[in-house]
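What TrEMBL records for this protein:
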- 52-81: region 'Disordered' (REGION)
- 53-62: compositional bias 'Basic and acidic residues' (COMPBIAS)
- 136-166: repeat 'PPR' (REPEAT)
- 167-201: repeat 'PPR' (REPEAT)
- 237-267: repeat 'PPR' (REPEAT)
- 268-302: repeat 'PPR' (REPEAT)
- 338-368: repeat 'PPR' (REPEAT)
- 369-402: repeat 'PPR' (REPEAT)
- 438-468: repeat 'PPR' (REPEAT)
- 469-503: repeat 'PPR' (REPEAT)
- 570-600: repeat 'PPR' (REPEAT)
- 671-705: repeat 'PPR' (REPEAT)
- 706-740: repeat 'PPR' (REPEAT)
- 807-837: repeat 'PPR' (REPEAT)
- 1001-1079: domain 'DYW' (DOMAIN)
Amino acid sequence: MRGRQPVSRLWTRVSSPLITRVFGLESSCLIDVRQRRHYGAVQFSPDVPVSVDSKDGARSRQEVGATRTAPKGGGDISKERLEKEGVQGLSELDRRGAQASWKRYARLLQECANAKSLAEGRKVHDHMRSNQYKPDIYLSNMLISMYAKCGSIEEAYSVFQAMEYKDVISWNAMISGFALHGRGQEAIDHFYLMQRQGLKPNKNTFVSILSAIGSPIVLDLGEQIHSRIIKAGFEADVTVGTALINMYCKCGSVELARKVFNGMRERNVISWTAMISGYAQQGNSDEAFLLFRKLVRSGIQPNKISFASILGACTSPKDLEQGQEFHEYIKRAGLEQELIVGNALISMYARCGNLSNARQVFDNMQSRNRISWNAMIAGYGGGYMEEAFRLFKRMQQKGFQPDRFTYSSLLAICADRADLERGKELHSQIVRTGWLSDVTVATALISMYIKCGLLEEAREVFNKMPEKNVVSWNAFIAGCCRLGSEKEALKVYRQMRRADVSPDHVTFITLLNACSGPEALEEGRFVHDRIVKWGMLSNNNVANALISMYGRCGSLADAREVFYRIRTRDLGSWNAMIATYVQHGANEAAFELFRKFRRERGRGDKYTFISVLKAIANLGDLDAGRKVHALVEKNGLGEDIQILTTLIRMYSKCGSLADACSAFNKILERDAVCWNAMLAAYVQGGHCQDALKWFQLMQSEGVKPDIATYTCILNACAGLGALEHGKNIHTQLKEDGLEADIRISNALIEMYWQCGCLGSAILVFKKMPKRDLNSWNALIAGYSQNGQGSDALKYYELMLRAGFLPNKTTFTSVLSSYGQLGEVDDAFDFLESIKEEWDFEPSEEHYARMVDGLGRAGLVKEAEEFIEEISTESTASMWESLLGACRIHHNVELAETAAEHLLDAKAQASPAVCEQLLSVYTAAGRWEDVSVIKATMEESGIVVPKRCTIEVNGEFHTFTINDPNPELDSSQNMLDELVNEMMDKGFLLEMMDKGFLLEPQERGVLFSHCPEMLAVAYALNHTPPGAPVRCVSDTRVADLSHKMLKFVSRTCNRNIFVRDANCFHNFRPGHACSCGDYW
């Protein structure tokens, strides 16, 4: 019947159309008992109300007081033949005045049920009534069964209600009918009503009621029925045991199913197949493969359903070898030409990524049905759209009309490719062929429009659906979530409940996934409450989604509570909790949970290792990282691209670039993601020049950069102050149409201001079609860092007017700006507002900016008092700011106090602290202390890394003290000339550590320990007059260099931009340095 949705009865699953196409069944169950009855299995919806013996398939009457035998025949018959030879025969009897026998009625009803011909079944029933033939209990039971199988549960129930006397078989037929039509609650109600009327359930009753229990919501009820089965003594029956396995798998508890399976005294091929299918549907392929091999070793011959089930467990390219092994077994068993097996082989090869084998199976099939065509079309969904539509056309030419599964597959292909034009063409054909009223097709249309970003079109299809099931509601709810209408998703859920449609686990998982931040915590808790109400918490997929939701919404405590309340945790539970710990920065707890998991369960999957490697990366524990890497190799995951990419990130964060490179080199087919990880490793490790080289290599290998690539490489340009490279990449972004992307624009703003080009940064900012908080923060920080505090505060006010709320980054820039402007009182007011107005606890960095502001204003004593008043554990950065202020204001005593606090905080002297103290002592003329500091540094192996990099004509030149450089001589010569000119113009230079004037021949040597001066001198020699000079120094610019750079800027009429470890220095002819001589 075109307007009806096949009812999923044994395994509820969103992808039921695919399962149906694969196995050639009418519902999504893997072992439909309508198929099983041919193998002596459970009779779920009987052709006649009799039982089937599980050993030999012989039919046996169980009707109370009946002596008749079932009519022979009843095999499959076409509707045309049924009408010609069956129903017309009744009319012939009427013309002869003869009465049809009960046996003839029984045979016709059985044939109608087999042919699913409701119209012909009604004619047989009408013939009974017109001839005033009152059916006995046997024929009444057959009428119930016929109507149920032919899709009219209402007429089946009408027959049932009209029966004066009902036996166990009558109740069984009715319960089975309700279950067949997905009306589980009515089946359950009648199961209990039957017993209240004094009838004792038999094994077929239990089989029927178990088939009605198909959701985690009713798992507890399933366990109660199981207890009744044990009391009734039916647990040892293989048919009942198999039904229990199916029930537990439907309810999401494969562990309880396995417990039943292990306890069975006798197993047949159907029992084995049920358990294998359960594992396959739960996604546990490894257990399915293992159990199938045990089935083979047991001596029981797998049947075609067994093979179809195990092929269904091969779900990805990693399972291809297993699938090929099963294919060989199928050939040896002589089952390759069985339609159900051939269809399963096509789908298996398609899922495993071997379309050539799938097509070969398809082409070699001696006979095909519509399911075969559907399976092959669906297989082409992985990027072969044109071939899928060619096959679709050929299918129709061969006389096979598209059905719901054909259209669903093609719409899914259009959705994946976001091909709206083709999707709309299919929509028109669906309307013409009358399939729009079908719930499966309409749901596929909704999904197609959603994936094409058209929520209104999806809503129109949804609202016009004459019938909606839980899958269609889920599709529209998921669409609302996908397209940013999370609030509407909850409204749609409430509408769904008002329409009396029961949610399933997919409904709740979808709603939970829509809760993606702290602001959605209350909505998440509402969904949690509904989950508890519907009894879905026992479903591990739902519980795991709850853990993840609480993690995203910022409630680690709630996530932990859900995790520890899960009765039987699966791998997904552990993975979700470990990932949540990492997300919340609880990296040690994540690593400890991983160790506990290893003790309790042993092996993890790639997602387990990805999360724990992230935790190790955050901890910076290289030794632990290498140990986990060894476990990865041991578990056979060492070649997985996602694992290797995570290893690259872990090793780079742990400081081992060599190990990161080693992991990268193991990747055979590199995509943009792994290249991005390697580029980020170089940038984070300070090897920005190497990052630029690898960026060129990436493109030469044909890998197209994506947003993340460009963001990373722009950061590399920012790190180097490489304006020319940055501009070239900006041009490339314009050509690729990526400039308007908000992430790219933010990275461009950052790159330009890091290179001292605020004008270009503001141009990018103003051209942005849309801005986020990061955009404003980047620009405000740029103005603040470049010494333009007033402009920074102006854009802060504009940001607030635009409706953006500040964060810790904003606060840091604003406090810096107030400090630069000397507005100490305003800075204090703003610091207070961070707590009072913005409800944010200031960080150590914020307090350090406050100390810096006090220091700039010369209030060093007040700065010391401020630090001592702060009740925070870490004050190192504050004392470091105070030490810098003491150097500027020549306060030796307070500088020594600050240095002592820094030594206490850091446990050892750092190069930066030593250098600051040297400057303080030198300025105060305490040469003995200078000598002591230098000797101590030499003795302790403390080296101040003095290096400066400059970009000239697109090439990088690095100047390092005491490092041979062929360009050093020309730079030194230029320096000599500049120093002489400076001296000749009357500028007095004092040697920092001697305190006397230099002789002319000694003047150039003065700057041989200042790499920034060597870099600037090189640029003056190799760039045209008037061209700006930009360089980046690893250490603070020396006091003497700062004076010299001012002179060079004025004398040579050059803008000179020097970015050191502490500050930005923008020297313009005739102007003060942008740092205000405070750095």
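Cβ coordinates are placed from backbone N, Cα and C, and glycine is handled just like the others.
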DSSP-assigned states of the repeat 'PPR' (136-166) in counts, ordered helix, strand, coil: 23 helix, 0 strand, 8 coil
Same-chain residue ranges lying at least 6 outside the repeat 'PPR' (438-468) that approach it to Cβ under 8 Å: 2-3, 5-6, 17, 404-405, 407-408, 411-412, 414-416, 418-420, 423, 426-427, 430, 475-476, 478-480, 482-483, 485, 499, 501
Mean predicted confidence [pLDDT] for the repeat 'PPR' (136-166): 93
Same-chain residue ranges lying at least 6 outside the repeat 'PPR' (570-600) that approach it to Cβ under 8 Å: 540-541, 543-545, 547-548, 550-552, 554, 556, 559-560, 563, 607-608, 611-612, 614-616, 618-619, 624
The repeat 'PPR' (469-503), counted residue by residue under DSSP: helix, strand, coil: 26 helix, 0 strand, 9 coil
Secondary structure composition of the repeat 'PPR' (570-600) [DSSP: H/G/I, E/B, coil]: 27 helix, 0 strand, 4 coil
